[in-house]
C-alpha cells in the first residue's frame, strides 16, 4: 500500500505565505513597533493604532517631500544641490533624527515615517504608472537619507538587513588576483574588501562594468555597498507594490480609508497645498481693493491672469470662473464688501438689479456670510490650491476656470504666456515639455522662476529667505504672495507677512 502524505488544507479566507516578501500581509500583530535604526526598508506594515487624521496628515506630509524631490530632478539640480535643498524640506515635513541626537520625538518621527510610507504605498499601488513613479521617488529618498546617515548607524542598519552577500575571503582574493582589482577599479588608497552577490542583484554595476563576473556571481568592491543597498531597497519595494495592489480590493471595503487613498493618489498630479485663513494675504504691505487689482494682477499666476484678462475683455465670467477668482481674492485679504464692489464694477454691462439678484448671493456665500450653519461657522470656502484646479472637470465652451497649463493646447498656451511677458525660448521649450508630460505645476514654477530670476538669485545669494520658503509653489495665493514680496525686497520684510502659504485646506 502506497504511503500518502497528509494534505495541509489552506483556509480559503487566508493567504498562503509562499514567499518571505509576502510577510507584509501575513500574521499582523497589533502592537507598537520599536525602531532601533533611523533607516527602514518598510518590509512589514505598521501594526499600531493611529487616528484617521494622522493617517491622512502623515501621508500628505510625505507626498510633499516626494513632490519636492521630483521637482529637483525636473530642474536638473546636481546631487549636491538636491541634498542641500531637500535637507530643509525634510526637516520641515518629515524629520528623521539619528540615535545620537537624543531627540525626545525620535520614536514619533520614525513611526510617522513608517506609517506615511505605507499610506502612500497603498495609495499608489493601483496602476503601473503610479507604482513606477512611487518606487522611483521612494528609492531616491532612501538613497538621500542613507548618504546623510551617521556612518556607525548606517553600518548597523545594513548589518541588520541580513542581505545575501558573502565577504570574499583572503584566499579567494589571492586566487582572483589582478582580475578582481582591475575589474572593480580598485585604487591603492582603498580598502581591500569585496563582496560577492548573484549578478541579478547588481545589474547596474554589471552594465557599467564596475564588478567582476565569475560563475553567476558578481564580485563588488565595498565602496559600492551603498549603491547595492539602494538597489535592493528598490527591488523589494517594486515587489511589495505588486503585492499591495492585490490587497486594494479588500481595502476598498473600508469606507474610512478608501476616500483618503483616492484623494492622495489624485494629489500626485500636484500635492495638496493646505491653506489657512490669512496666510495667503500680504498683510498691510498694500491695500487689496477693487481699484488695486489691475495693478496687482501682474503678480498673479497664469490661471488667475487668464481669468482677469477674460473678465476685463468681456465684463463677465461664468460660475466656476467667478468662484475660483472670488476665493483667490479672498485669500489675498480682500474683504467681502470690497469683493462685491470689485464684481459689481467688473460686470459693468448689467443693471444693479440683475447683479443683486443673480450674483451677489454667491459672493456672500463664498465668504460664509450666508448659507447653512456649517458654511457660516467655517467662514465659507478656502481658496483653491493647484491640486484642486488640476483634478476638477475641464472647462466647457465659454468657461475659463482651472489651470491653463492643463486646459490649453500648446498652440494656445504659448501666445497666452507671450501676452504675459514670457518670450524666452528656453523657458517656453521647458513649459512645452512639462505640459506634454503632464507636469503642470512644474511648468507654472518654471515660469515663476524665470519672471523672478534676478530677485530669486539675490535672495539665495544673500540668504535673505530660508530654503523652506522657496520650495515648489502649489497654491495660486502662494504664487502671488511670493512674487509680490520678491518684487518688493527691502520694502517689505518676508517675516512680516510670511512667505509660505500653507495651512489647512478645505
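Just so it is clear, glycine is given a Cβ too, placed from its N, Cα and C backbone atoms.
The feature domain 'DNA primase large subunit C-terminal' is assigned by TrEMBL to 298-480.
Per TrEMBL, the feature [4Fe-4S] cluster binding site maps to 303, 386, 403, 444. Classification of residue 386 ([4Fe-4S] cluster binding site) by DSSP places it within a helix. Using a 10 Å radius centred on the Cβ of residue 386 ([4Fe-4S] cluster binding site) and all shown protein chains, the other Cβ atoms total 29.
The secondary structure of residue 444 ([4Fe-4S] cluster binding site), as reduced to three states from DSSP, is helical. For residue 303 ([4Fe-4S] cluster binding site), the same-chain residues that are 6 or more apart in sequence and have a Cβ closer than 8 Å to its Cβ are 324, 389, 402, 403, 404, 476.
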